[in-house]
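Undergrad: Sharing a structure here in structure tokens format.
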Amino acid sequence: MTDYLLLFVGTVLVNNFVLVKFLGLCPFMGVSKKLETAMGMGLATTFVMTLASICAWLIDTWILIPLDLIYLRTLAFILVIAVVVQFTEMVVRKTSPALYRLLGIFLPLITTNCAVLGVALLNINLGHHFLQSALYGFSAAVGFSLVMVLFAAIRERLAVADVPAPFRGNAIALITAGLMSLAFMGFSGLVKL
């Protein structure tokens, strides 16, 4: 049980995919202008990352390794992610049309989110078993969502703040992301993975 807790805390805070591994920066910068959009994208990404991690582990363990097709791992994982994203898009469209319109083009772009593929590949490279793979995917997604929601809240505050003209827009957003990364670096001694 302690191992799972350490894996969760380590993945969410210490080895955050956005601020430490620099994966998933496109949606991090693109969808984080409004808190509501960031929360919706975070939920969709959490669902996709968790399900894609589980499916990728199953396909790797039951199909690719037994058939000695591990050289197709990346291609297979991309296909798995595309299927999971299409499934997620259908679910979001049916359950929350407002969120579907709000996310717009960013929902299909989860397919190209390198953090989702990174989680699937890192699960295999780190030698996680099924439960660890599911928890690692969920933890990475929680960390991604946490950072995106925090960043969106800060960006909403910055939109009404008196920021000097040269720093308005993306410049202050990048500075803020750097400061957030430094803040998360404070967790680096918390857990050793």
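Quick reminder: no glycine exception, Cβ is built from N, Cα and C everywhere.
Pulled from Swiss-Prot, these are the listed features:
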- 5-25: transmembrane segment (TRANSMEM)
- 47-67: transmembrane segment (TRANSMEM)
- 72-92: transmembrane segment (TRANSMEM)
- 102-122: transmembrane segment (TRANSMEM)
- 134-154: transmembrane segment (TRANSMEM)
- 171-191: transmembrane segment (TRANSMEM)
Undergrad: Test of understanding: applying the rule of at least three C-beta pairs under 8 Å (pairs 6 or more apart in sequence), is the transmembrane segment (171-191) touching the transmembrane segment (102-122)?
TA: no
Undergrad: Please identify the stretch among 47-67, 72-92, 134-154, 171-191 with the greatest number of Cβ pairs below 8 Å relative to the transmembrane segment (5-25).
TA: 134-154
Undergrad: For the transmembrane segment (134-154), find every same-chain residue at least 6 residues outside the stretch whose CB is under 8 Å from a CB in it, and list them.
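TA: Residues 4, 7-8, 10-13, 16-19, 24, 27-28, 31-35, 37-39, 41-43, 45-54, 57, 115, 119-120, 122-123, 126, 128, 173, 176-177, 180, 184.
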